[in-house]
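Asks: Got a structure here, written out as structure tokens. Questions coming.
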Amino acid sequence: MGKYVVALDQGTTSSRAIIFDKEQNIVGVSQKEFTQIYPHEGWVEHNPLEIWSSQYGVLQEVLAKTNVTADEISAIGITNQRETTIVWDKNTGEPVYNAIVWQCRRTASIVDELKKDDEFAEYVKANTGLLLDAYFSGTKIKWILDNVEGAREKAEKGDLLFGTVDTWLVWKLTNGKVHVTDYTNASRTMLYNIKELRWDEKIINKLGIPTSMLPEVKNSSEVYGHTNLGGVGGVRVPISGMAGDQQCALFGQTCFEKGSAKNTYGTGCFLLMNTGEDMVLSKNGLVTTIAVGINDKIEYALEGSVFVGGAVIQWVRDELQFIHDAADSEYFAKKVEDNGGVYVVPAFVGLGAPYWDMYARGAIFGLTRGANRNHIIRAALESIAYQTNDLLTAMAEDAGCKLASLRVDGGASRNDLLMQFQADISNTQVLRPIITETTALGAAYLAGLAVGFWESKEEIATKWAISKSYGPTFERAKREKLNKGWKNAVSRVKGWAE
């Protein structure tokens, strides 16, 4: 047994490789950003070959800079941006089109057409746990087949393969030998029946997707195949853990108990609550998804997704040019006592849960002569907490109980002002763990469990520890007034681009 597990964390803006030891210590990290492609308004793409080269490059780099040898690696785990859709030629390995990213809204018109069939829309929700939305993979595959010359003909001949990013990476790591996904990633395609654990023929046929394109669905923790580290004649290392980024974060936060929840503050915000073996269908705009599948035992989760979370700070930095570094946002936000009545609604690509409005667009409200740069920066930061609170409120109603505490992770969870405001506006205890690399850690856990590197979930759970706790300080009247202002702002951006 080797001394380490490697997590490959393929995100929306960068690819990372992180080496963990048995005590969950980070031995080494390598990261590389890659190109964001915006061909038209509301469209977002990545180059699949750049996803692969950046991911494989950081794997080689982290091994080199830590002097960890391939035979010291027990397993590789993969976590990935979900829903992002890649279609490639199985004979040449060449993508037929760029990866269509989860944020991309190009299929909104396809979704509108599908929504006209009320019975079908209800069928999708009842069987996939998802809502009909351009966010998920299904309509993205349809778009590629309908719009890329020759794609549909090739697909119908069995020459094209579909995969979310996990599938693409495993296929590349195994030199095209293995075409698989796991339960969690399959559950984000809008094509997978999460009750019966199978690709849903009714939905696939409605979208005109040949079943030969679809990967085999496996557990989130099992050996899928091996990759050669160290070139020809190198060490064969098992790829043995795989789950979507948010499910990995839930697992990395050791939210193993029914009712436990976490929020990841990344490019978007993603709130997940473990509902155990119960498939809870939301009445409040959340989606139902698979939390994890181990030994063919499925656990479900309620999920709320915010499309623009930490990305609003990138916008403040890159487009407004109010700050030089994302970390500066806290410094400038603290220069004012409050938002001064200013609200930023960052609906740049529409609104996710619980609103699901593809046509909403971003706006700044409440500006006066006294409003300055710092108020806007603070309002942008606060928008992340307001959107999270919308999800918490919906989740409490669906689950029938208020969350006692919220475990947090992701880059923006290091922002003390944001975390305190989250506790205040949500009237909830916010807990930040010592290890905030919970997404990568979750992938490492899943891979390690499959090969006996860690013995059990119980062993893993004992390792979770709090770095900082934030308790609510707002009076009820203040909290309600601020939330009312937020709701007012959101109501004004809905349907803007219709």
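Cβ atoms are placed via backbone N, Cα and C, with glycine included.
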Asks: Looking at sn-glycerol 3-phosphate binding as recorded in Swiss-Prot, which candidate out of TYR123, TYR135, TYR192, TYR300 goes with THR12, ARG82, GLU83, ASP245?
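Replies: Record check against Swiss-Prot: sn-glycerol 3-phosphate site with THR12, ARG82, GLU83, ASP245, extra candidate from TYR123, TYR135, TYR192, TYR300 is TYR135.
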Asks: Counting Cβ atoms within 10 Å across all protein chains shown, which of the binding-site residues GLY310, GLY411 comes out on top?
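Replies: The most densely surrounded of these binding-site residues is GLY310.
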Asks: Suppose the glycerol site is ARG82, GLU83, TYR135, ASP245, GLN246. Which further residues of the same chain have a Cβ inside 8 angstroms of that site's Cβ centroid?
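Replies: The surrounding set, listed in chain order, is GLN81, THR84, TRP102, ARG188, GLY244, PHE270, SER305.
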Asks: List only the single closest residue to ASP245 (sn-glycerol 3-phosphate binding site), chosen from the binding-site residues THR12, SER14, GLY310, GLY411, ASN415 by CA-CA distance.
Replies: THR12
Asks: What is the separation, in Å, between the Cα atoms of ASN415 (ADP binding site) and THR13 (ATP binding site)?
Replies: 20
Asks: In sequence order, what residues of the same chain, 6+ apart, have a Cβ less than 8 Å from the Cβ of TYR135 (sn-glycerol 3-phosphate binding site)?
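Replies: The answer is GLU83, TRP102, SER305, PHE307, GLY352.
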Asks: When a 10 Å sphere is centred on the Cβ of THR13 (ATP binding site), how many other Cβ atoms does it contain?
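Replies: 16, counting other Cβ atoms within 10 Å of THR13 (ATP binding site).
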Asks: Which residue, out of the binding-site residues ARG16, ARG82, shows the minimum number of other Cβ atoms inside 10 Å of its Cβ in this structure?
Replies: ARG16
Asks: Quick one: which of these binding-site residues, THR13, SER14, GLY310, GLN314, GLY411, have their CA within 10 A of ARG82 (sn-glycerol 3-phosphate binding site)?
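Replies: Near ARG82 (sn-glycerol 3-phosphate binding site), where near means Cα within 10 Å, there are no binding-site residues at all.
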